[in-house]
């Protein structure tokens with residue numbers, strides 16, 4: 001029902017009118033201590049009554065609700081329209097809302113090559129192809145094992161949120 005009321009408000013008042021108005025015309029509690037802030041003008045009460053009547057009729061005829069429920073839905077239009085005004089004035093910030101996954105943000109902190117390895121280390125050998133690759137993830141630490149035909153290397157990657165944002169190889 002909320003989306004129906006929001007769409008009705010846009011059709012009746014228009015986007016520009018909604019952006020520059022409030023439902024009641026009262027000063028917002030957020031700005032009540034500020035001397036310079038003037039309250040936004042109220043929406044036309046005749047049009048609000050028309051939307052209330054339309055919502056009540058829609059709830060009873062199309063949704064099949066009883067009169068008490070339809071009256072309740074009609075009383076809620078101020079809240080729905082106020083929410084629509086907020087949505088118009090404050091579009092969602094897509095950059096701030098979306099965080100990258102810690103798995104995607106890795107920094108290579110250690111590279112160990114086969115010629116620096118101890119004899120006790122066990123590395124699976126792959127003789128069928130020239131490159132073998134395996135990745136193990138544990139507690140936000142990714143260990144990557146790469147076997148090339150002439151060189152074997154292990155890489156340990158740690159979540160970059162703890163280390164920084166740049167990716168670089170550190171050879172030992």
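Yeah, the Cβs are placed from backbone N, Cα and C, and that goes for glycine too.
Those TrEMBL annotations? Automatic predictions, nothing curated.
Feature annotation from TrEMBL assigns compositional bias 'Polar residues' to 123-141.
Summarising the annotation, TrEMBL assigns domain 'BEN' to 1-92.
Here TrEMBL flags 116-142 as region 'Disordered'.
Mapped onto DSSP classes, the domain 'BEN' (1-92) shows 59 helix, 2 strand, 31 coil.
Across the domain 'BEN' (1-92), the model assigns an average pLDDT of 92.
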